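A.B. asks: After the structure tokens below, expect a handful of questions from me.
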Amino acid sequence: MSSVIRYDWTAEELHALFDLSLPELLYRAASVHRQHFDPAEIQVSTLLSVKTGGCPEDCSYCPQAQRYDTGVTAQKLMDVDAVVAKARQAKLAGASRFCMGAAWRSPKDRDIPKIASMIREVKALGLETCATLGMLNTCQAQALKDAGLDYYNHNVDTSPDFYDSVIHTRQYQDRLDTLAHVRDVGLKTCCGGIVGMGETRQHRVGLLLTLATLPAHPDSVPVNLLVQVAGTPLHGTQTLDPFEFVRMIAVARITMPRSMVRLSAGRESMSDELQLLCFMAGANSIFYGEKLLTTANPETERDQALFQRLGLRPMHLMENVSNQDQHHGNVHADIACKHVV
């Protein structure tokens with residue numbers, strides 16, 4: 001199957017891919033995948049919550065929203081040294097990228113210098129850096145880039161026409177605007193969504209269509225399977241057919257051939273066999289470590305054993321990322337623009 005990079009996909013084309021027999025869809029996705037990646041290599045990231053809980057948003061899936069009683073206790077922003085210690089552990093375990101997440105609607109300008117210090121120190125360990133901090137304005141995005149940030153994660157979560165069923169405190173366009181700010185300063189984008197929230201296949205098509213028709217495909221596309229947390233509105237939602245999840249991975253791979261397609265939240269509940277199908281469908285990235293922000297993730301030893309059984313190996317740093325212009329000196333700590341989106 002052709003792996004020409006396209007930005008003009010249609011909903012009809014994506015529906016046609018979803019409607020293929022699963023063996024045929026897997027074959028097409030694997031063919032595209034092999035044109036751009038070594039199928040035996042998996043990029044490994046670790047995600048750390050550097051500021052947990054207390055988020056003012058109402059995302060129906062999120063245990064960190066302060067309005068839901070989920071047992072998550074709000075915490076302050078971690079100290080830089082503690083974050084660096086976690087990053088060292090992640091590197092020793094085989095991670096090549098370290099992502100720092102904060103439960104904010106958007107960061108305050110006063111928080112940016114400390115985040116910038118985290119980025120510089122983690123970068124100095126030889127790791128790629130990623131951050132997910134909520135909505136950014138252009139000035140904040142530039143400050144993070146100047147600190148050496150490689151990737152910024154900001155998911156669109158779902159399709160535009162299902163979005164209002166899940167979130168009311170932030171508009172879909174707000175998410176697209178943040179992605180534009182991130183692209184404008186030259187940061188790489190990490191953007192995906194969540195499935196299993198009660199959406200239909202049409203909504204899953206809409207999510208992938210949004211991603212595949214962005215001005216530039218996300219460099220990383222995290223595909224999350226809903227982790228149902230007691231106390232959140234989506235707790236008790238009917239679970240998604242595992243084969244439908246595999247189809248989601250395969251269509252993401254076909255429509256965004258050069259993107260890293262990441263198995264993200266929900267992997268704890270997946271069998272080894274289901275994960276293998278996802279790798280065959282074009283997934284080539286995972287989150288490593290026992291926790292993803294506040295939810296469980298497979299233990300490192302389990303992932304290492306799975307890699308060994310399947311003959312997979314961790315991917316080394318991507319050259320086009322590690323050779324980016326990096327500034328390890330002074331960061332723009334005193335941000336020129338003072339309004340926060």
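Just so it is clear, glycine is given a Cβ too, placed from its N, Cα and C backbone atoms.
Features from Swiss-Prot:
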type	residues	note
BINDING	Cys55, Cys59, Cys62	[4Fe-4S] cluster binding site
BINDING	Cys99, Cys130, Cys190, Arg262	[2Fe-2S] cluster binding site
DOMAIN	40-267	domain 'Radical SAM core'
A.B. asks: Which has the fewest other CB atoms in a 10 Å radius around its CB: Cys55, Cys59, Cys62, Cys99, Cys190, the listed binding-site residues?
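C.D. replies: Least crowded of the binding-site residues Cys55, Cys59, Cys62, Cys99, Cys190, by Cβ count within 10 Å, is Cys59.
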A.B. asks: In DSSP terms, helix, strand or coil for Cys59 ([4Fe-4S] cluster binding site)?
C.D. replies: coil
A.B. asks: Could you list the residues of the same chain, at least six apart in sequence, whose Cβ is under 8 A from the Cβ of Cys130 ([2Fe-2S] cluster binding site)?
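C.D. replies: Same-chain residues close to Cys130 ([2Fe-2S] cluster binding site) (Cβ under 8 Å, separated by 6 or more) are Ser45, Arg97, Phe98, Cys99, Met100, Leu149, Asp150, Tyr151, Tyr152, Asn153, Cys190.
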A.B. asks: List every residue in the same chain as Arg262 ([2Fe-2S] cluster binding site), at least 6 positions away in sequence, whose Cβ is under 8 Å from its Cβ.
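C.D. replies: Set apart from Arg262 ([2Fe-2S] cluster binding site) by at least 6 residues yet with Cβ under 8 Å, we have Gln43, Ser45, Gly192, Ser220, Val221, Pro222, Val223, Ala283, Ser285, Ile286, Phe287.
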A.B. asks: Can you list the residues of the same chain, besides Cys99, Cys130, Cys190, Arg262, whose Cβ falls within 8 Å of the [2Fe-2S] cluster site's Cβ centroid?
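C.D. replies: Not counting the recorded site residues, we get Ser45, Leu47, Arg97, Thr132, Tyr151, Asn153, Ser220, Pro222.
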